[in-house]
Every structure is written in C-alpha cells, then in structure tokens.
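Heads up, the thing below is written out as structure tokens.
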Amino acid sequence: MNDLRSYDLYTSLVSHSDSITSASNTLTEGTAIALSTALLHPLDSILTRLQVRYASQHHNKKKDNRTRTRKPLDVLGDIVDLAAENVKDAEGRAVLYAGLREAICKQTAENMLVPAVYAALHARRLNLGRTAGNELLLSLVSMAFVKLFTEPLGTIMVRRQVTGSGTRCVVDDILRQKGVGGLWSAYGATLVLCVRSCVLPVVYLALRRRLGMKRGGLLGMLVLRAIAESVVYRLAVMQVCARAGVKAVGNGSKLGSTYTNDYTICVLMVCLGLLLEVIRTLSSQGVTTVTSDVVTVAMMRLSAVMLYMLEPFLLSEQAITDSVRENVDAGASQPLLDDAKYMNNAVKRAISIVNRGIGLASHGRDDVAVAELVGDYVEDGPEDG
C-alpha cells in the first residue's frame, strides 16, 4: 500500500513540476525570439528594401539594355544612406520597425511549431523506417506544413517593410491586386528554400565524411552555408519580390540570368544575411540565459499563490476526525480516518514543495528531493493492514 501511495504521489508531483517547467521553457523561448527579432528587425528591413530596390532597378536596366556592376562600397553606402534617412525623424524610425509584429509572430510560430509537428509525425511513424532519407522527408513535410500557415505573415511583413504602411492597408492592397492567393504568392519559393534548410546539414555531414574531417567547426559550416546561400540567392530575392508585389524579371528572362552582373550584391547580401543570423542566434541564447531565471521565479511564484489560495480549504485533522466519526460506523472508521489524515498531510507538504521551488530553480525537476519528500509521506502514512 505504501509503495502504491508513493508512486501515485511522486507521479502527481513530477507532473506538476513538468507542467510548470514546460510552460516556463516555452515562455522563455518565446521571449528570447521576440527580443532578438526586435533587436535586428531594422537591419533586416533595410536589407529587404535594398533587395527589392536593386531587383526593380535591374528590371528597368534590362529594358534600357544597360548594365552596371555595383561595387561593395556602393552597396554599403546605400545601406548607410537608407539607415540615415530613417533615423532622422520619428516617422522614419517607425518605418524601420514596420512589420515587427508579423516578424515576431512568424519567427515564434515557426520555431515552436516545426519541432512539434516533426515530433507528432515521428510519433506516428507513417510506416517509415528510421533512415536519413525518411528523417529528411519528415523535416521537409513539417516545415512545408507550418510555413503554409505562416506564409501570409511573411508576405504582410515584407509589404510593410517596403511600403511602411499599416497591416490593414497592406492586406487590402494584396486582396485588391491578387486576391486571397496573393498572401501565398511566394509559397513556391519558400518550399524550395525549405529544401535548402533541410538538406544543408546532410550535405555538411557528407562532406565531412568525404574529406575525412573528424571535427566539424563553425567556420566550415559557415563556409558551406555561404555557398548554399549564394546558389539560392536569386531565388531568395524572387521570394522577397513576390511578397512585395514587385516584378523583378522581365518577359522571357530566366531565373539564372536575372543577376548576371550583380554578384557583388549577392556576396555582400549573403555575408550580411549570415551575420544577421549569427547575431540573432547569439542574442537569442543570451536572452534565454538572462530571462530563464526570471521566468522560472515568476512561474514558481504563480504556482505558490495558487496553492496558497487552496490551503485555507484544507480540513484540519480534527475536522476530518469528527466528520469520519459522524458518517462512518465505528468498525470502519479507523482505516478511513488514517487515509484522510494521510491525504491531508500530503497536500500540505505538496504546498511546501512549491514554496521551496523544488525542481523549478534549475529549469528541471529535482527527482531526488521529490523522492525523499515522498518517502517522508510514506513514513507518515498509515500502516498496512
């Protein structure tokens, strides 16, 4: 009997700790994504607007049969000039943060839903074996499914970054120009870019094996990522232009010849994009470290307050004794009385667990402490038999 009670009580306490810890981890991750996205959104907005501007200028130059290769200093100068124009007044600074709400929602949803969908598909197995190809297929399906729902957010975000308009105006323009399907105008390019994201780690591991590299460094991964980004850069620009509603390729042009003389832009934009992603990752990790303890303490205090609200409703041992003696025959009262005392004592000590924050302070659960406390409950429990 004691073993059964110990298991039930331990399971309930661990479940309580797991639920609070899971909520704390989710809140921390969401906070980190939101802050890192807000920190780097102005630079991302500037790069997006420059990509659209260069694509439009290239399309106009094709009509005029004139070409010109931009130098890195020209691109950097355009970035500085565009940033200076928007920093001068309040309206310009607001334009830099246009689309921030959609960016945060999109990043948060993708970072949390893609692993969840992948885990759900993996749990169902789908009659597939655990091979690299099947794992890659599940990753692609997960990303494609989630991005099907987040693509409208990406379209609205880019439109707002380019035009600086509000969400309602942007949505009205899209619906008036292309209908509801306009919200998914760049979904095809998004799917191809999903393939890049899923295949890149596999290619990196294959190259490591091929070259006999025992250790894979960050530099090697960045070089491979830069090569992959350079290959699909034109497609990435096409995605941005489709979302922005800007025509970047003239009639009869092929995707491969869109930026024949703009490789300088390609290389610089790839480097800036990688820098942006590295900064976002580092800032996200830093924010996670800073906010984890704060969120944990907040969740712990919330749990403590909830249990404190329930504590006055706990019956005292004397009230339990009187109630059992009034409603149960004398022959059966003692076992029920012992059980009632035991459960009342267990609930009170459970409140003590939450107040001390067992298992929450380190974003995990202290199984040993919980087990020891459950052992105390069992020792205080009624004797068998």
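Backbone N, Cα and C define each Cβ position, glycine as well.
Among the features that Swiss-Prot reports, repeat 'Solcar 1' is placed at 24-124. Per Swiss-Prot, repeat 'Solcar 2' is recorded for 130-210. The transmembrane segment annotation in Swiss-Prot covers 30-47, 132-150, 184-207, 263-279, 294-310.
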Take every residue in the repeat 'Solcar 2' (130-210), average their pLDDT values, and give the whole-number result.
85
What are the DSSP helix/strand/coil residue counts across the repeat 'Solcar 2' (130-210)?
73 helix, 0 strand, 8 coil
For the repeat 'Solcar 1' (24-124), what does DSSP give as the number of helix, strand and coil residues?
89 helix, 0 strand, 12 coil
